[in-house]
Each structure stands twice: as structure tokens, then as C-alpha cells.
Amino acid sequence: MKKQWIIFMAVVVVIVIIFLPRSPVAYGSSSNAEKGVLDLSNNDGGPYKLNGKWEFYWNELLTPEDFQNRSVSKMYTQVPHQWKDVVHNGKQLSSFGFATYRLTILLSESSKGRVKAIALPNIASSYKLWINGNEMEGSGTVGTTEKTSVASNSLNLVTFIPEQEKVEIVIQVSNFSQRKSGIWSTVEFGDQQALVNKNKNYYITNGLIVGGLLFISIYHFVMYFFRRKEKISLFFSLSCFGLAVRMLFLEGHMTSFLLTSPSWEVMQKVEYISTYFSLTCFNFYLYYFLGLQHRKKYLYLVVVIHTLLTLFVLMTPGKIHTLIFPYYSLIIILIFLNLAIKSFYAINRQEKAYIYNFIAILLFFILVVNDILYYLNFIQTMDLTPLGLLIYVFLQALLLSARISFTFNQEEMLKEQLKKANASLEQKVESRTKEIVQINHQLQHALDARLELISTISHEMRSPLTTIKSYSKGMIDGVILDEQNKHTKLIYDETTFMERMLDDLFELSLLELGQYKFYFEQVEPVSFFRKLFQKYHYEVTQLGLEFFFKETNCENVLIQIDPIRIEQVFINLIRNAMKNTATGHITVEVNCEPYVSVSIIDTGRGIEPHLIQNLFTKFFKGNDSTNSKSTGIGLSICKEIIKSHYGEIFVTSEIGKGSTFTFTIPTTRAMGIERDNASNLEHA
């Protein structure tokens with residue numbers, strides 16, 4: 001459970017970070033409008049909340065021309081706010097009606113000619129917009145009666161370029177469809193890109209919530225499909241599905257983004273019914289989770305209440321069934337209060353799962369109360385239920401998965417114990433047999449290696465021994481006169497060659513058997529290979545060859561190597577290039593992406609294609625036509641050394657143009673990686 005709690009806390013942090021752009025303080029500041037004028041002449045950029053006193057004209061649908069051509073009686077109202085709370089001529093206004101809002105914004109000189117935008121929230125229930133006398137995109141159809149009005153939900157982002165330091169905003173609004181009325185949520189103004197980013201964050205965040213809920217719903221439904229007795233998985237799945245549908249249809253924002261021309265009435269009904277459905281399933285889930293499923297009276301009461309509410313929504317238009325929301329809010333509070341109390345009493349069972357559940361449901365309850373007050377227009381915060389919902393659902397998914405996994409693990413553990421008890425003798429026999437087979441393989445491998453070594457030595461020694469025998473016999477018999485020690489030197493060279501070959505063979509055998517000790521150090525590749533380049537620079541250039549060094553993409557890169565053995569590979573390849581390059585140049589090229597690769601590039605005679613595949617085979621000498629004597633083991637040793645560094649070595653070549661020998665070594669990034677530089681590693 002500790003592991004699940006750590007995962008949960010990590011996810012909570014991620015979710016909160018994702019939701020930060022939605023918070024009220026995430027964007028700009030708020031400058032209150034006074035008497036229909038908002039002064040932003042000393043501000044720039046934004047975005048800014050257009051809160052404060054707007055001009056308000058009840059039961060009038062005015063256009064910008066009306067304000068220029070005739071005198072109109074002004075009154076002011078607070079925005080955001082519902083007009084049903086406004087008192088006009090001594091009477092409180094009804095939710096149903098129509099009106100005109102007007103606001104003048106004073107801009108700074110620098111704002112002229114820049115692309116600006118106005119983010120319009122869900123205005124109840126339809127509106128028409130003008131900016132500086134130009135009609136812009138609206139929502140629904142504004143009318144003076146229920147028949148001439150068409151409700152719609154949409155988040156609109158309107159862009160324009162102010163040509164002067166004054167912006168006039170005129171909004172006609174009508175509502176004959178629901179309990180909310182007018183501009184009840186914040187309108188924002190600012191640079192286009194800032195508001196575009198905010199809109200994008202809104203859709204991404206809500207998309208993640210809907211996707212996460214659907215994923216969890218499908219996962220637990222599949223769990224129920226395979227284990228029908230686990231009804232708790234079914235209720236949790238249905239609850240998550242209902243919440244996902246509610247999020248999709250909430251205020252119509254996501255559906256307007258995903259679908260074409262959705263019906264406002266249908267969206268309202270789906271939003272309300274999905275809320276009733278998910279809350280009913282959630283009650284069943286939590287009662288099953290707490291082991292209270294036997295208390296059926298409460299669960300039946302919840303089902304009856306939400307069934308009646310669903311029928312009421314289906315049979316009545318939005319302007320009627322939305323009026324019950326304030327009363328239904330009390331039912332929600334009572335339900336969550338009951339669930340919180342039941343979760344609190346479950347803590348006495350001294351299981352951590354119940355403690356985590358109580359903390360989560362208490363947090364969720366607080367956020368639900370916040371949203372109820374927000375949608376009733378008592379407070380101006382933000383919609384926080386999605387945040388609490390995602391955190392709570394994820395925790396419940398963890399707890400449920402942990403419970404199911406625990407059951408599975410218990411079953412598997414019992415099966416495994418029974419299986420081990422029945423098969424313990426067989427396993428011991430099999431284990432001993434495997435050990436014997438493994439030892440036999442090791443002995444056979446050692447024997448094969450020894451026979452191969454003896455065969456190779458006898459084969460390779462034959463030629464130099466024949467030469468030594470012939471010349472020494474000739475000198476003994478007086479057939480060969482060695483006046484200038486010419487033949488004595490030849491005999492010495494042959495014995496030196498034999499000694500070198502024996503050393504190489506011994507070293508190669510240790511490498512192949514994994515018995516060679518490497519002493520690894522952590523080095524910076526460019527610095528290391530540049531020093532080797534400088535060390536052998538004279539040896540190369542004295543042959544009349546040019547010697548170059550190149551490096552790319554090698555910042556903050558380290559490699560773990562045995563410096564002596566890598567130098568052995570380096571000089572072997574360099575001398576191989578010197579031997580096969582009469583004129584031209586040799587280049588050492590070091591590249592560090594995605595791993596360190598070192599290439600020795602020459603402009604020599606090249607290698608015939610059919611010889612390349614055997615170059616790293618022991619005693620292979622190819623078509624060596626130079627005077628230098630080779631054991632044919634050097635490249636094999638190079639291959640084994642690089643292999644012990646977990647790298648590769650390969651060659652590309654073109655006749656008459658030269659060859660490129662390349663070996664690779666895995667990299668380690670210098671930041672955040674610890675290495676034990678003092679240890680001596682032995683490759684087995």
C-alpha cells in the first residue's frame with residue numbers, strides 16, 4: 001500500500017500542475033470597470049478580466065448605431081453576475097428576458113495595431129456581439145421572445161485589431177431557456193496569443209480528464225467481465241463513465257469542440273441525467289467498498305430520488321428542470337456528508353485504504369461545495385470538481401486495483417506454494433542436472449579452446465620453424481656463409497615473430513575465455529583520443545602522411561574504459577592504416593551521438609569486398625602485399641577488447657580510395673550518473 005500511496009501523491013502533483021493554468025490567478029489581473037468604462041491605458045498585454053460595472057439596458061436590444069443616433073437611459077450592473085439579481089424600477093428582474101450590455105475600454109498607445117482578443121464565456125443563453133461597431137461571432141439566436149430565441153453554449157474567442165485607443169463592446173443577450181441569465185461568468189480581454197493558449201489549456205485539461213475517466217471505466221469494466229462476482233468494479237466503472245459523459249456535456253464546451261451543431265436542450269438533459277446516474281453508481285460503489293452493501297434502504301432511496309429526477313428532466317424543458325438545481329444541491333451535500341461520515345467510521349478497521357479513502361472523499365466534498373456555490377453565483381472562484389474528481393477517481397482506482405491485485409496475488413501465492421510442494425524433488429533433480437550440464441559445457445568449451453590453441457600454434461609455428469631450421473642447417477653444413485650476419489638476423493627476426501605471436505595468442509585466449517582483467521576508468525572521450533592522436537602524430541607524419549583529428553557532439557559525455565587496452569586498439573588500427581597507405585592522409589574522427597564512435601580513416605589501397613567479413617578472424621591476413629610481417633591476430637584482439645567494453649568494431653572500404661575502421665563504446669552522461677572509478681572490473 002505504501003507504493004500505491006507514493007504513486008498517488010506523485011499523480012496528484014502532476015494533476016495540480018496541469019490544472020494551474022485554469023486557476024483564477026493564472027492569467028493576468030483584474031481592473032474593475034466604473035460606470036461602463038475600463039481604463040487599461042497604463043497596462044499592456046494582459047489578459048485582463050473585464051469585471052466591474054457595465055452599462056445595462058433591460059428589455060432593449062441596442063446596436064452601436066443606437067448609442068450614436070439617440071439618447072438612451074443608462075443603468076449599471078455588475079459583471080460577472082446574473083441579471084435576475086438586479087433591481088430595476090423597484091422590482092427584481094426575472095431570469096427570462098433580454099438586455100444589452102455595453103463596456104468601453106481605454107487602451108494604451110502601444111496597443112493600437114496589435115492583434116487583440118476577447119474570450120467570451122458561456123453567456124446564458126444566447127448573445128450577439130459588436131466590437132467598435134463591427135458585428136462579430138455570437139452564440140445562438142438573440143430574440144425578444146421564447147419563440148424567436150435559440151439557446152446555445154459555446155466558448156468564443158473573438159480577435160480584432162484596435163485602430164484607436166478606445167474599444168467599444170456591445171453585447172445583446174437573451175434568455176428564455178434556463179435558470180441562469182446574462183453574463184454570469186468572467187469576460188477576458190488581452191493579446192490574442194495569451195487567450196489562445198488559455199483556450200488550448202482548457203480543452204487539453206478537460207480532454208485529459210474525460211480520457212482518463214473513460215480509460216479507468218473501461219479497465220474496471222473488463223475486470224468485472226472476467227470476475228462477475230466483483231460488483232464493486234462494475235459500479236466504479238459505471239460511475240466513471242457517467243462522470244466522463246457529464247464532463248463532455250458540461251456547459252456544452254467539449255461537445256461544441258467535438259460535434260457539429262449540438263442541440264442545447266439535448267446537451268442540458270444529458271448533463272443532468274449523467275450527473276444523477278454517476279452519483280447513484282458512486283453511492284453503490286462506496287457502500288460496497290466500505291462493506292455496507294447490506295444497508296439497502298439508503299441505496300434504494302438514492303435510486304428512487306435519481307430515477308424521479310431523471311424522469312422530470314426528460315419530460316420538462318430546460319427552463320423548468322434547471323430551476324431544481326439549487327434544491328438538488330442540498331441533496332448532493334447531504335449525500336456526500338453521509339458518505340464522508342461512513343468513510344470516517346470505517347477508519348476504525350485500522351486499514352490504510354480506509355484512511356486514504358476518507359481523506360480523498362473529504363477533499364472531494366469540499367470541492368463539490370465550492371462548485372455548488374460557484375454555479376449558484378455566490379462566489380467567483382472556478383470549477384474545481386474536475387480536479388478533485390480526477391484525484392479521487394485515481395485514488396479509488398489505485399485502492400480498487402490494489403484490493404483486486406491482493407486477491408489475485410493471494411491466489412497465485414497459494415497455487416505457487418502447492419506447485420512447489422508437489423514439484424520440489426523434480427526441481428532439485430532438474431537443478432542438479434542443469435549444473436552438471438553447465439559444468440560439462442564449460443569443460444568442453446575449455447577443452448575445445450585448448451585444442452584449437454594447440455592446433456593454431458602448431459600450424460602457425462611451422463613456417464618460421466622451417467625457415468630457422470633451413471638456414472641453421474645450411475650454416476652448419478657450410479652451404480650458407482653468413483659473413484654479414486644476414487642470415488643470423490633473419491633467424492632472430494623469425495624467433496621474435498614467434499615470440500610476438502605466442503604473446504598475442506595467449507592474450508587472445510584470455511580475452512575469448514573472459515579471464516582477462518580490465519581496469520576501467522571514467523574519461524572524457526575527446527580529451528583521451530586527442531592525447532593519443534598527439535602521441536602518435538610524429539610516427540605517422542614521418543612516413544610523409546598527413547594526420548588529422550575531428551570531433552563532433554561531445555559535450556558532457558563520459559565513457560568507462562580501460563585506457564591501456566583502448567590505446568592498444570587505437571595504435572593497432574593506426575599502424576594498420578599506415579601499413580596500407582602509401583600517400584595521402586589518415587584521419588581520426590570522434591563522434592559522441594548517440595554513442596562514442598572512433599573512426600580511423602585512411603586513403604590507402606582499400607580492401608576487397610570478399611575479404612572484409614573475415615578481417616577479424618584469427619590468423620586472417622588477406623592479400624597482404626607489404627613487407628611488414630603480421631601475425632593475423634591483432635584485429636581479433638581489437639574485436640575482443642571492444643566487445644569487453646560492450647561495443648562493436650567494423651570496417652567499410654572501397655578499392656583504391658581507402659578504408660574506415662570504426663569502433664563504438666557506450667556513453668554515460670556526466671550529469672546525474674555515479675560511477676565507481678576505483679573498482680577493477682573482471683569480465684566473466
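The first residue you see is number 1, and the count goes up from there.
Note: Cβ is positioned from N, Cα and C throughout, glycine not excepted.
Under the heading transmembrane segment, TrEMBL lists 202-225 (among others).
As annotated by TrEMBL, transmembrane segment applies to 232-250 (among others). Same-chain neighbours of the transmembrane segment (232-250): 206, 209-210, 213-214, 216-221, 223-224, 258, 267, 270-271, 274-275, 277-279, 281-282, 284-285, 288-289, 386, 389, 393, 396-397, 400, 404, counting only residues six or more beyond its ends whose CB sits under 8 Å from a CB of the stretch.
Per TrEMBL, transmembrane segment is recorded for 270-291 (among others).
Counting residues 6+ beyond its ends, the transmembrane segment (298-317) has Cβ neighbours under 8 Å at 177, 265, 269, 272-273, 276-277, 279-280, 283-284, 287, 324, 328, 331, 335, 338 in the same chain. Feature annotation from TrEMBL assigns transmembrane segment to 298-317 (among others).
Outside the transmembrane segment (323-341) by six or more residues, the chain places 179, 279, 283, 286, 298, 302, 305, 309, 312, 358, 361-362, 364-365, 368-369, 372, 375-376 with a CB less than 8 A from a CB of the stretch. Annotation comment: TrEMBL describes 323-341 (among others) as transmembrane segment.
Summarising the annotation, TrEMBL assigns transmembrane segment to 353-375 (among others).
Residues annotated as transmembrane segment in TrEMBL: 387-406 (among others).
Sequence annotations record features per position, and here TrEMBL assigns coiled coil to 408-435.
Annotation source TrEMBL lists domain 'Histidine kinase' at 456-669.
The domain 'Histidine kinase' (456-669) scores a mean pLDDT of 78 in the predicted structure.
With a cut-off of 8 Å between Cβ atoms, the residues of this chain six or more beyond the transmembrane segment (270-291) that come close are 231-232, 235-236, 238-243, 245-246, 249-251, 298-299, 302-303, 306, 309-310, 313-314, 321-322, 332, 335, 339, 342-343, 346, 354, 357, 361, 396, 399-400.
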